Amino acid sequence: MWQQRSPDLILIPRCERQLRATLITNHNYPVEEHTVNTPDDYILTIYRIPTSPKLHPQLSNETTQKPVVFLQHGILCASDDWIINGPETSLAYMFADAGYDVWLGNARGNTYSRQHKHIHPDTSDFWKFSWHEIGVYDLAAMLDYALSASNASSLHFVAHSQGTTTFFVLMSSLPWYNEKVRSVHLLAPIAYMRNHSFILSKLGGIFLGSPSFLSWILGSMELLPITSLQKLMCEHVCSEGSMFKFLCSGLLDFIGGWGTRHLNQTLLTDVCATHPAGASTSQIIHYLQLYTSGDFRQYDHGREQNEIIYQQATPPSYNVKNINSCVHMYYSDNDYMSAVEDVEYLASLLPCAELYRIPYSDWNHYDFLWSINVKEVINNRIIDKMERYDIEHATGMSF
């Protein structure tokens, strides 16, 4: 059953919304579509899987109070990340099967959140944001909405890649949000990028890693939205019998880490059809600035603008010591985006962090989502930790 729970005008093409709902209802899971308005007037579309068809009727009642979990995607991605691996392996379905009220976030600028109350997405003004705004505005608004709609006081949080960055931004900048999360699970976390090994980041950092005329020209533009032509090509290039299928897996290897043996090749058509899901070029530039500076800090607009915006010549660093919620970070040796040394350095700064280093030397950035053994390596571990947290904190706590 698909329910749209919002009085607001939704500007995404209806066929896109129906496609998202169909992907979930085809597996007999109920799904709701919700609209979230941010303080700066972006309109986000998020999804909710309130229960599972596998639960006992008494537990599957949508009015029954359940613990809440919120999942946030990475850069150039969307809520699709958590469901395209199918009902037996995808984390969103597994959470629903385990009795959780599941919420899937979508950041501004992606396929499902390409909307604003006053600004058209075809104008550059729409794209004047980085992942800083996604953290302090989008993620904060989505968490508040999910908690209110679920009648809960706190929730479990799971994120991948840029989703982890926005968590660090929010909890550092607005530390009272730490009280709204229960257990936190961050896959391929990114904050410090001193040991980042992606070749295009090394090259991009030379030209865009510091404020310049080029970064000013290339900032605030739409980056890689999904097109109809792309979807058509995916059906032929990435399909199971295509002789060009190696191009699709090769692209994921190039970005996420060469040589993985874990990628579920049968998902390539679905991954291609839903990725890249769109972003602002400023999000990429902000990451390149982190790589160049070696610091985890706000967007560098150049000395003159920094003085106006921040009242100082350089961007302020995020104070990660404000993150007093205990975080579980999952990382790997073959991840070009999230280097082992950077994750371990970040963990040394956090008040409470637990590390899990994947026991496969070839596990890459996208294996956290779409590997053939993600259920055993990642998902079961997360669910076990969440269930243990709920048992240990059950007394006197409301979900």
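Cβ atoms are placed via backbone N, Cα and C, with glycine included.
As the structure is a computational prediction, the values presented were derived from the model and not from experiment.
Listed in TrEMBL:
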- SER161: active site, nucleophile (ACT_SITE)
- ASP335: active site, charge relay system (ACT_SITE)
- HIS365: active site, charge relay system (ACT_SITE)
- 22-86: domain 'Partial AB-hydrolase lipase' (DOMAIN)
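Feature map: TrEMBL annotations on the structure.
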residue	record	CB count, 10 Å
SER161	active site, nucleophile	27
ASP335	active site, charge relay system	29
HIS365	active site, charge relay system	25
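Remark: secondary structure over the domain 'Partial AB-hydrolase lipase' (22-86) totals 12 helix, 20 strand, 33 coil, with classes taken from DSSP. It is 5 Å from the Cα atom of ASP335 (active site, charge relay system) to that of HIS365 (active site, charge relay system). SER161 (active site, nucleophile) sits 8 Å from HIS365 (active site, charge relay system), counting Cα to Cα. The average pLDDT computed over the domain 'Partial AB-hydrolase lipase' (22-86) stands at 91.
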